[in-house]
Structures are given as C-alpha cells and as structure tokens.
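Novice: Structure in structure tokens, see below.
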C-alpha cells in the first residue's frame, strides 16, 4: 500500500505539473484565437469541436478504460487492439471526408466542406497511439505522459499562433492540431518502446478484442450520449440563433470547460487506476473518494464563484469588447459547473472501477432524455437564448447530483454526509463573495477594469484562504502535506 500511495502522489504531482503548464498555455491560446478570430468563426469552430470530440470517443470506444481496468493485457490482445483501432480510425476518417459537403449544407457553413477533410488527418494520426497511452497510464507512467502532453501543448500553442498571425484563420487552428498530434505520436511510440510496452506482432483476432469492447461499449455509449447532450445546446443555438451568438456562447463554455479540465485532470486521471486496485475495500474506497472530493471542492468553489463575480471585468480586459455579450453566459454556467466539477468525473470513475458502467449509462439515458425533450420544446417555442442556457445549467446540476446519490449509496454513505464535506468551503466562498462584491461597488466608476479585477482577485484570495484556514485548518494542512511529501 505505501508503494501504491507513492505512485498515486507521484501521479498527482506530475499531472498537476502538466495542468499548470496547460493552465498557462490554454488562456494564451484562447487569447490568440479571440484576437484573430471573430465570434462568427468561433461559431464554426464550435461545430468542428463537436465533430472532433465525438470522433475521439468513437475511435477509442471505451477501450482505454477497459485496458486500464483489466489486470493484465496479453501480447495477443495488445496486437489485436492496435490493429482494430487503426481500422476504426480509417473508417471514421473516410466517412468524415465523404460526408463533409453534406454537413456543410446542413449547418449552412460552407467552410466545413474544406475544414472537415483536414480534420480527418488528426483522426488518422491519433488511432495508433490510443493503445500505448492507455498502457502507460495503466502502469502509472504519469511522468512520461505528462511530459508528452506538455510538449504537445507547447507545439500547439506555437504552431496555431503562427498560422493565425499569417492569416490562415480556422485552417490554421486545425493545422496546429495536426502538428501537435504528430509530435505526440512520435513521443508516445518512443516512450512505449523504452518502457518495453511495444509488444506488437502480426496478429489479429476479433475474440481478443471482444472482452474490451463489451466493457468499453457502456463507457463509449455513455460518453457519446454525454457529449451529444452537452453539445446539443450549441447545435440548437446555431440553428435557431445566429452563428455569432453561437460563437459567443461557445467562447464562454469553452473557457469554463478548459478550466474544469485543468482542475480535475490531475486528480481524476490518477483516481481511476487507484480505485481499480482498491475496489474491494469499501472503507478505503470511501475514504479516498471523500478526501479527493473535498480537495477539489477547496479549489472549485472559489474559482467558479470568482469567475461569476468578475466576468464583466476580465472579459473586456483580456479578450476585448467584442466578447462582452458573453458575460451573461459566464455567470449562468459558472454556478452549474461547481457540482459538475465535484461529481461528474469522480463518481463516474468510481462506478467504472467497481465494474458498474451500466449505472452511469442508465443515469445518462434517463436524465439526458428529459433534457433533450425540454430543450427541443423550448426551442420550438422560440425561447430566449438565456432560457436555453439556464436549462443546460440545470441539466448539469441534476445529472451530477444523481450520479453522486448513486455513488453514495454504493459507498454505504448518504448524500447529506457528502454535502457536509463542503460546509467550510461554502462558508469561506460566501464570505469572499460578499467582500469582493462590496469592494467592486465602491471602486466602480473610480478605477479602470484592470485595477478593479486585480483588487478583486487579491481580496478574494486573501479572504477565502484566511477564513478556510481558520475554520478548517486540517484540510489545508492535508493538501499541503500531500504536495510537499511524497
């Protein structure tokens, strides 16, 4: 167990380092995109991202999770999985090329006819490394995976920025993706070979793949449903409203999603392999799950509440006045992302680790069905854009709370006990909000947006962590110890 704990802490530290780099690269890249792309182009980018997200799920088909969950993967299974994933990627990429004119006509975006075939190159390149990424993660090679991802982030930032500066627009964004994936493919193959994971031979048997498909099917179907449900609001907005409105909404949603990924990746990537190894010890499983939830809550509550109360300042300061109409979207979605951050990934990974992916899938089917029906009804009634966004926020809250209730039941706990984990965090966040909003009301019309933003962040940080340290010193010390001791 000490060795497992060390691997877990090392994994968190390395993935945390990666997320720190990502947290630096992502806003810079987003700033560059906002500088060189218009809200209309962001609307087109929203549709492209939907295709890319869904295709990544389909080409993986939950196999990565199945590989990590299985105690041992044989050489025959590795070879069969490798060739199977390449075949799937070739099929998906070819279909995307053939149907690109149809998609361009459906969404009334002519640019898609040229951009989607270019996107298929990313699909072809990504297929061969799915297996090895999963094997590296399974064996806790988080240091190597983190370094690969850091290098990829740097390449995508540099290449995308250069292509945008030279006027390639959306084409430059996709070419930047291609360059970064090429680098990642080379590095993943190299590291896999060095770690003696490159056990491939000319062998393919569908029976070797079937057990992984059986496990992964639930996960893949769940992920497809989740992503379709998460993006159907963008499809509806793009259809019933203008492409510019879609661009503004995608801009806000994209920033929040990137931030969510930055905060949760360091923990959740390490969580699943750890939970898979201790899944038979309910007491230990519950302890780790609750502590991790609490640690994420310490960061999540002040971050997203802080975004909501400073959006009208940081949007014009960092991204320009053309994006000011996205502020209302930031405010609505920020509060919904708090339970989404706390529960969605953690609860799903726990249920996956105990071989209960069907519970996650059934939850998604029921909640998603109600959401989609309500969304279509409100769209048909020509509701205002804010109503559509509020409905999406409500969907996130209902789904994540439902998953947490199921998880609490499996852990032989209660939902009320889970909520009590965050009582001090909520108290500190509430106090922070009151003080920051009070300071803003005094400083408005006397200082510019940049100074008010800086003062708000400094005051909020000091108030939040001072109060939290006074009322819950134990949690702060635990997190500090986790970072400093290995």
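Note: Cβ is positioned from N, Cα and C throughout, glycine not excepted.
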Novice: Do you know which of 265-287, 449-471 TrEMBL annotates as transmembrane segment?
Specialist: 449-471
Novice: Under 8 Å, at least three CB pairs between the transmembrane segment (115-135) and the transmembrane segment (449-471) (pairs 6 or more apart)?
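Specialist: Contact criterion not met.
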Novice: So, do the transmembrane segment (295-315) and the transmembrane segment (421-443) meet, by the test of 3 or more Cβ pairs under 8 Å (sequence gap 6 or more)?
Specialist: yes
Novice: Quick one: find which recorded stretch in 44-68, 147-168, 327-352, 387-409 has the most Cβ pairs under 8 Å with the transmembrane segment (359-381).
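Specialist: Between the stretches 44-68, 147-168, 327-352, 387-409, 387-409 has the largest tally.
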Novice: Given pairs 6 or more apart, does the transmembrane segment (387-409) have at least three Cβ pairs under 8 Å with the transmembrane segment (327-352)?
Specialist: yes
